[in-house]
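Taken verbatim from Swiss-Prot:
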- 50-66: region 'Cysteine-rich' (REGION)
- 67-77: region 'Core' (REGION)
- 78-84: motif 'Nuclear localization signal, and RNA-binding (TAR)' (MOTIF)
- 80-90: compositional bias 'Basic residues' (COMPBIAS)
- 80-131: region 'Disordered' (REGION)
- 92-101: compositional bias 'Polar residues' (COMPBIAS)
- 109-120: compositional bias 'Basic and acidic residues' (COMPBIAS)
- 121-131: compositional bias 'Low complexity' (COMPBIAS)
Amino acid sequence: METPLREQENSLESSNERSSCILEADATTPESANLGEEILSQLYRPLEACYNTCYCKKCCYHCQFCFLKKGLGICYEQSRKRRRTPKKAKANTSSASNNRLIPNRTRHCQPEKAKKETVEKAVATAPGLGR
């Protein structure tokens with residue numbers, strides 16, 4: 001009869017031997033090596049263009065490009081920047097626009113006064129119903 005400790009040690013040794021054999025066999029198969037290379041090649045290949053414009057959950061996660069663009073909102077395209085007008089050009093246009101606005105204001109105010117006067121005259125001359 002063996003002691004319980006010896007039985008446990010024997011069972012552990014046999015289980016360790018089995019697992020190590022399995023791991024060695026898996027690591028040496030050419031299929032697993034090809035699978036690892038395939039995964040690495042997919043990671044480093046450039047993203048393919050995808051022209052799907054849908055933003056549903058299925059379309060946002062169907063490829064890495066759509067996930068980055070639609071899911072995360074990251075876009076690496078060059079954005080078009082507006083051209084700023086030179087300071088001198090701004091000063092010239094602002095002074096010219098101020099000169100144009102002054103006569104327009106006086107033109108609009110005069111017809112409104114005339115309309116108010118005609119409305120007041122019409123109300124004053126119209127006979128109203130008394131009490």
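From the backbone N, Cα and C atoms, a Cβ is placed for every residue, glycine too.
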Legend entry - Secondary structure content of the region 'Cysteine-rich' (50-66), with strand meaning DSSP E or B: 7 helix, 0 strand, 10 coil
Legend entry - Averaged pLDDT score, the region 'Core' (67-77): 77
Legend entry - DSSP-derived helix, strand and coil totals, residue by residue, for the region 'Core' (67-77): 5 helix, 0 strand, 6 coil
